[in-house]
Amino acid sequence: MAEGFAVNRQWIGPEEAEELLDFDIATQMNEEGPLNPGINLFRVPGITETEKQEYCNILQPKLQDLRNEIQEVKLEEGNAGKFRRARFLRYSDETILSLIHLFIGYCTYLCKRNKLGTLVHNIDIEAPQEECYSNRERGTTVNIKYSRRCCIGTTALYLLLLTGIIIYTQTTQAQVVWRLPPLVVPVEESEIIFWDCWAPEEPACQDFLGAMIYLKASTNISIQEGPTLGNWAREIWGTLFKKATRQCRRGRIWRRWNETITGPSGCANNTCYNISVIVPDYQCYLDRVDTWLQGKVNISLCLTGGKMLYNKDTKQLSYCTDPLQIPLINYTFGPNQTCMWNTSQIQDSDIPKCGWWNQIAYYNSCRWEQTDVKFHCQRTQSQPGTWLRTISSWKQKNRWEWRPDFESEKVRVSLQCNTTKNLTFAMRSSGDYGEVTGAWIEFGCHRNKSKLHSDARFRIRCRWNVGDNTSLIDTCGNDPNVSGANPVDCTMYANRMYNCSLQNGFTMKVDDLIMHFNMTKAVEMYNIAGNWSCTSDLPSTWGYMNCNCTNSSSTDSNKMACPKRQGILRNWYNPVAGLRQSLEKYQVVKQPDYLVVPREVMEYKPRRKRAAIHVMLALATVLSMAGAGTGATAIGMVTQYHQVLATHQETIEKITEALKVNNLRLVTLEHQVLVIGLKVEAIEKFLYTAFAMQELGCNQNQFFCKVPPELWQRYNMTINQTIWNHGNITLGEWYNQTKDLQQKFYEIIMDMEQNNVQGRKGLQQLQEWEDWVGWLGNIPRYLKGLLGGILGIGLGVLLLILCLPTLVDCIRNCISKVLGYTVIAMPEVEEEEIQPPMELRRNGRQCDMSEKEEE
């Protein structure tokens, strides 16, 4: 080797090549190297010097690279340790075998693992080994002994697991909760209801609610008394009033356009200039006053938030009321409405009083009378006076219009009205909280479209016989000697013309807020100049409250007596009381979110077979909501309701957006989207309920949910097991007897919503496995099989690709160890070479041969 280096230091001879290849093989046996690093060609038995020289010529580039690598890398004990990979594989096999022993229950192997040594056979010993076995050990190998222990331990482990599962299933039975049972119950008086209105072509009311008006169901169920929609009459009235006027705020731009004003000579000499025309939306005031406020619009009230209406007259369930005419301000004329005379018994201030007393005159015995009275008004205007050239402020056209200066003193304007019937008014009453004195009346008047005037409605106030002292109240009397009174005639006679005026404003009190509506500009926009006429358009079903007048027993001549036998109550109609009376027949009911199911129900066995869940559901449907008439069933109505909500894209987008904010992974939209009021409280409740239900393991298709007994017992929830009575009970009675449990179950949900300590403990004790695989319940059975097959095949192929080499090696080693053989692999040689024998030795020697003979 030294001589070769002396001659040519760049040439690598056979001796150095042999060492370099040993280094390469030792390096490849590291952890990062391949499983089979190969053999050293220079160590093949029988190789000649000529062949070594040929190998050196062929492998010279490779050998040069190895030499450079040795020179660059510092060889230390930690670098490229020989047989390190073999040791790693050995320890890996021991780890795998330990996991297998642990899985099959052979746990003692882990304890004895460190005590086991390594069996070494020295093949150079000349003296044969002697057998030394006891009678118990003779004929039994170590593999047979440990295989018996393995079988016994595995059997005991699985028997123990099976026994534990049986004991757990028999002793722990979860409480069953029925979600959304098919029944309706009255709401509590303290509950908050969410509602909205629907009216044709009214932007202030929700458009999509119109599809819900026709969702009705005939039913023969008996519902106990509860709150009606009339209980919320004042809140509904206040909201409708705000809806009617919220689009008419001062400052809103109705029309806007630019226009050029030219002089006599056109735009010469800079005589033209540009102006911007802005018209506020004052027209909205008159539209709302003449439609909404007077009750000319048919409005339906629809409940949201999962509530329904039960019509006591028609025995029907619905989501919306029938179309109602709901006046929003006090009127002399209105729909039929009851009243009370004895004011000491009136507990509600909104109920109208059936009369008026003034000094010794008592108007009582009031009754509502339908009337077809009409008012006819005629406006005339004198032509003398100046004419102004003004821009038409209500038409989006660049044109000029001549109109008389009706505000000038030279222009005579007359607005006179008459009535078709004699109207005697019994008393003075408040008129829109205004300071009106004397005899007066207000009504709405409609003007038809003509060549010079557009279609319009006006509110007209007629006042006559004001009296000498306007600071005193009107008495409708004729006696001037009455003290503290201003005698006037309160009768409006038929076919007599009275001087009237267009009402350009009114004042309303909503809750504690007094709002004044100034409609001066709105009246002017309707082109009131000129001659025109209008006729009242009171509904034919409206009437007034007519009262009888009686004198008291007092004979004081200085006090006013009855001027007339009968009189009409002016502004008698109270909108809140009228709305309450119209809504009294609609009882507010709801579908419960859940119903506690007694264990006796689940364990109930009829004569032939066990009552399954679908049998219970059918029985409950028949007992509770079976339709007696030809109308649709309530279940079908709820389904249609869900379809209506599903088509309302705006609602779905808003609720979905809210769900994204709260990061919910389950959305039970079909059953929980009953909350569509788009109110903050409703959406929060929807989110909380959806969150709690998903944590309880209830998805959108799961009507029966199991609550863990630990969570159930924490709240001391006990249930009467005798209420089932073999099915002889209605769902209404069932709900009433378990009503207290519903409240306790609601506490569980609230604990989950608020994430307090008890709620978190309850969530931790839920069945995690059901939460993870709960979504599988939504997949049909055939899809489950198909999906399972695909996943199984894919997983099997993946495991086979990844684990096949290790698996084959493990199986080979296990078989060899069980049989007691040690595999000795010799390097491969060429086919023409004589292959050395590869022997399998049993316990270090061949059968019936001594060690000398083997050697």
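Glycine is treated like the rest: Cβ placed from N, Cα and C.
Per Swiss-Prot, coiled coil is recorded for 642-692 (among others), and the stated evidence type is sequence analysis. Across the coiled coil (642-692), mean pLDDT in this model comes to 42.
Under the heading coiled coil, Swiss-Prot lists 735-771 (among others).
The N-linked glycosylation site feature in Swiss-Prot is assigned to Asn269 (among others); the stated evidence is sequence analysis.
Here Swiss-Prot flags Asn274 (among others) as N-linked glycosylation site, drawing on sequence analysis.
Residues annotated as N-linked glycosylation site in Swiss-Prot: Asn336 (among others). Cβ neighbour count for Asn336 (N-linked glycosylation site) (all protein chains, 10 Å cutoff from its Cβ): 14. The DSSP secondary structure for Asn336 (N-linked glycosylation site) is coil.
Using a 10 Å Cβ-Cβ cutoff, Asn418 (N-linked glycosylation site) registers 18 neighbours. Per Swiss-Prot, the feature N-linked glycosylation site maps to Asn418 (among others); the stated evidence is sequence analysis.
Here Swiss-Prot flags Asn448 (among others) as N-linked glycosylation site, drawing on sequence analysis. According to its DSSP assignment, Asn448 (N-linked glycosylation site) is coil.
Look at Swiss-Prot and you will find Asn469 (among others) tagged as N-linked glycosylation site, backed by sequence analysis.
For Asn481 (among others), the entry in Swiss-Prot reads N-linked glycosylation site, with the evidence type sequence analysis.
The N-linked glycosylation site annotation in Swiss-Prot covers Asn499 (among others). Around the Cβ of Asn499 (N-linked glycosylation site), the same chain contributes Ser414, Leu415, Gln416, Cys462, Arg463, Trp464, each under 8 angstroms and 6 or more positions distant in sequence.
Look at Swiss-Prot and you will find Asn518 (among others) tagged as N-linked glycosylation site, backed by sequence analysis.
All protein chains included, Asn531 (N-linked glycosylation site) registers 12 other Cβ atoms within 10 Å of its own Cβ. Under the three-state DSSP scheme, Asn531 (N-linked glycosylation site) falls in the coil class. As annotated by Swiss-Prot, N-linked glycosylation site applies to Asn531 (among others), with the evidence given as sequence analysis.
Residues or ranges marked as N-linked glycosylation site by Swiss-Prot on the basis of sequence analysis: Asn716 (among others).
The N-linked glycosylation site feature in Swiss-Prot is assigned to Asn720 (among others); the stated evidence is sequence analysis.
Under the heading region 'Fusion peptide', Swiss-Prot lists 615-635, citing sequence analysis as support.
Look at Swiss-Prot and you will find 661-679 tagged as region 'Immunosuppression'.
Here the candidates are the glycosylation sites Asn418, Asn448, Asn531, and by Cα distance the one nearest Asn336 (N-linked glycosylation site) turns out to be Asn418.
Spatially close to Asn448 (N-linked glycosylation site) yet at least six residues away along the chain are Asp455, Cys534, judged by Cβ distances under 8 angstroms. Across the structure, Asn531 (N-linked glycosylation site) and Asn418 (N-linked glycosylation site) are spaced 17 Å apart at their Cα atoms.
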